[in-house]
Amino acid sequence: MGTAGIQDEEMADRISYCNKLSFTFSVCLIVDMGFVISIFQGNRTVIIAAIIEFILNGSVLLFNWKKMYVFARFLLYTLQCVAIAFFGILFGKSFYLEFTVIFLILINYLVFKSKIHRTIGLSLAMMVLIILEVRYGSKGYQDLIPVSGEQTAFLIHVMIVLFVITIILVVNKPYVHGYDKRYELKRANIELERANWLIKVFVAQMTHELRNELDTIHQVTQLLQNDMHKDEISQENLSLLEIAATASKDARNISNNVLDMAAIETGNIPAPVYEAIRVDHFVQKVVDVHTIAAREKGIQLNMTITGLPRFINTDPVILKQIISNLVSNAIKYSYPDTTVGITFDRLAGNCWEIRVVSHGLTIPKEKLATIFNPFVSLKVDRVQGAGLGLYIVKNKVDAMGGTIEADSNEHGENVFRVKLPVLTGEVGVPELDPLAPPLQDLFKNVHVLSAEDHQVNTHLLERFLQQLGCTVTTVENGRELLDQALLKSPDIIILDCYMPVMNGEQTIRAIKMTPSLQHIPIIAVSADLYSDTPDRILEAGADTFLKKPLQYEILQNAMAQFIAKQ
């Protein structure tokens, strides 16, 4: 009664409990009424008081029906307090009514939710207890209505016990129900956590498998682009190839973002691995990747570098991801035929700034407040992203000890600023132009031993190395690699970290324990960047660790550095 239209389940339960208590007290009074009249038939005070309490108890249901919920609860609770105090004073110690204060406290927490209401209820219960104790402890204490006779005293005792048991059953039911539900919810939560973990594993595995195929497409387009720069080809075919390269890059970025999201959620973000990079060459190559996507929308990319040292120490993988996400986002949400400004600037103090400025729709203030949260995207017209890019950028920037902020004005100028600490560095071997002629001489007669269990990746890597002028031997597992290394003593070893028979870590340790092979540089490659794999591989003795999908320029530069030292 009175719960119709109540959307709040908790509030409806409290109203229901209030009704149940009111009904229980009324039934107890009806049952006890005949007993009370038979014993105290000469005392109108007891009979009138019992009738008044019965009527008021019943009125609680009426007030709840009228949706006067707070008044109904206080009427029910105050009525019980007054009744216990009144009958306790009237009958004295014979009824032991001071112990019913315990049930008042339980009822208080059952029907009231707000702190102030519970405080008032608790204060009323304490007042009743104090009144009864003061009454019973006063000098010359006598029961106002004495109970005489053993049979009468026994009947009173039975009546009180039955009344208390009834109240216990009614009052304790929600507490017992809540206690049972607690463990049911705990079991359900464990099952949900397991289901959530399985979903994450499934998404990670599926994305990993998807990325393997995208890696193949990406590597094929790299090889084709290299060949097409050497040979004459129609502009139409070259544009188709550029579209395919852009599509594979975008798809690869999406899969990388999903895996990064899984790593962030599970707390398995790898620590930054710092190395020296030449700023102008590095950022130019990162920005150049986006020229095709920008050209399709008529967008011009303007890049400027001011005040930065020639070389800085940074994590090139993370820095590339930060710049790529910001530039890609700017192109995606910019109006056609506009300009995206990309500035790399030295700031006051020991920090530098990446600033990306684009022109599109103004980002609302409420969106700016949550734009770095997961699954938040602008959803402009037909342009819609997964909403992971900026969230991942924020986490990557945090990992490098930096900050990121976004701003937007009424003219649609949207600005993203990343501030990172400046760590100057030195490079022993300069970065190499992948198309420079000296490379053919540098890699001539270099013997590379490669271990990869994915046949397509093996074929593509072999073709790339042969284009450089290398002699290549390929194997499928760590055991075969170790045997071939002992037999042919290669100049460089490239191995995948996950192989059958002997995995990458076991193979590297075996090579480093073999005196005749210890000097051979080892380049380890893997797509697993979200556990301790990189640290374990480098600790085992690998000279460098590269992320899959392989960027041939990065692999080429790493090989060049090792060859130059030999």
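Each Cβ is built from the backbone N, Cα and C atoms, and glycine gets one as well.
Since this is a predicted model, take the numbers as computed values, not measurements.
Annotation comment: TrEMBL describes 205-424 as domain 'Histidine kinase'. Per TrEMBL, the feature domain 'Response regulatory' maps to 447-563. The 4-aspartylphosphate feature in TrEMBL is assigned to Asp496. Look at TrEMBL and you will find 21-40, 46-63, 70-89, 95-112, 119-138, 153-172 tagged as transmembrane segment.
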Distal contacts, the transmembrane segment (70-89) - CB-CB under 8 A, six or more residues away:
2, 14, 18, 21-22, 25, 49, 53, 56-57, 59-60, 63-64, 95, 97-98, 100-101, 104, 107-108, 111-112, 117, 120-121, 124-125, 127-128, 131-132, 135, 144
How do the residues of the domain 'Response regulatory' (447-563) split into helix, strand and coil according to DSSP?
54 helix, 24 strand, 39 coil
Relative to the Cβ position of the residue listed as '4-aspartylphosphate', how many further Cβ atoms are located within 10 Å?
25
